[in-house]
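**Student:** Below you'll find the structure I mean.
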Amino acid sequence: MAEGGVPLEKTAIGTYVPPAKPSLIGLSRAEMAERLAAIGIPREQRRMRVQQLWHWMYVRGARTFAEMTSVSKDMRAELEKHVTLDRPEVVAEQISSDGTRKWLLRLPSGDDLEKPHEVECVYIPETDRGTLCVSSQVGCTLNCSFCHTGTQRLVRNLTAGEIVGQIMVARDRLNDWADRETPHGNRLVTNIVMMGMGEPLYNFDAVRDGLLIVADNEGIGISKRRITLSTSGVVPNIVRAGEEIGVMLAISLHAVRDELRDELVPLNRKYPIAELMQACRDYPAASNAKRITFEYVMLKGVNDSLDDARRLVKLLNGIHAKINLIPFNPWPGTRYECSDWDQIEKFSEYVFNAGYSSPVRTPRGRDILAACGQLKSETEKLSARERQALRAMAMTD
């Protein structure tokens, strides 16, 4: 049981039921060696075989064992009998006018009678980087009032393999794997943000295990300084994340008064602002070079006054911090509006003059509901025929 009140491997709603023939994706080296032992690979070969598999899976992006030409034919046949390299299935892809891509990914439900479980993953290309926004849960339990994902019930946690699988799907779709022509070439996916569907720190073990695989420099190899974990404030797991994962930290703050944050981010009722700020001060990976990002969505007439800006500066005193100001991205049925641009600039200027970096995030992918706070698995509501139509669309891409 997580200290925040939600089990780490089993949610209050549903559980993950592994397939009869499991995927190797998401296993640590030790777990992969155990899997090889279970299918009869001799002890003296396991370390070498794990290294071979790791390279083919996470450097070359192999989708089948047949591609692994440095592995013996007999070994490939044995692997094919017992395990897979399956990643999430792309159900649909949308491409924004600004180049942002959103993938709807299908996951095993664990029950043939259930609708397939689906999450969304977003790729945001920029001139100097390519950022992938990754989900940690199917749905969300936090019910943040301004967030579209919060209107979808929590279904279950993702596994480490499903988290790593999102990065692999993105590299598949973008043709972003190393090959003979580009063994060390620039990659399109350079940064990872755990800012998709779900609260990462309510799925701590899977998020930790997945991100450590993503950061492994003998595989996918994305530096921990290019990976950001965003939390709404699961205080007991914040310091633990710094100790066991060591990536960059972002806090979904959005308010500087408990009474307002209780409404915007209901988790605040359990872990109020003072406790959250202390956890940030204690975060072991924070420094002037590795500042904590505080995300602050700009809501017209709600949290965007200069008094709010003054309180924010006072609140962050003594924390290595930067502030991301996020223009609110509307979604169907919301009661909030985005702050006027003039007010956003005044807020940003006040925070900047107080000594904090305060960039205003450029909205990306709004036209395909891929921007911050807009993600939701709309197919949770679709009929089987409609889901089949979406899958057919994806296969023709």
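For all residues, glycine too, the Cβ spot is worked out from N, Cα and C.
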**Student:** Gly198, Glu199, Ser252, Leu253, His254, Asn329 show up in Swiss-Prot as binding S-adenosyl-L-methionine; which entry in Ser223, Ser230, Ser305 does that record put in the same site?
**Tutor:** Ser230
**Student:** Expressed to the nearest Å, what is the distance separating Leu253 (S-adenosyl-L-methionine binding site) and Cys144 ([4Fe-4S] cluster binding site) at their Cα atoms?
**Tutor:** 11
**Student:** Nearest by CA distance to Cys133 (disulfide bond): which of the binding-site residues is it, out of Cys140, Cys147, Glu199, Ser230, Ser252?
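**Tutor:** The smallest Cα gap between Cys133 (disulfide bond) and any of the binding-site residues is with Ser230.
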**Student:** Going by Cα-Cα distance, which of the recorded positions (Glu120, Cys140, Cys144, Cys147) sits nearest to Glu199 (S-adenosyl-L-methionine binding site)?
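**Tutor:** Going through Glu120, Cys140, Cys144, Cys147 one by one, the Cα closest to that of Glu199 (S-adenosyl-L-methionine binding site) is Cys140.
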**Student:** Tell me, by DSSP, whether Ser252 (S-adenosyl-L-methionine binding site) is helix, strand or coil?
**Tutor:** strand
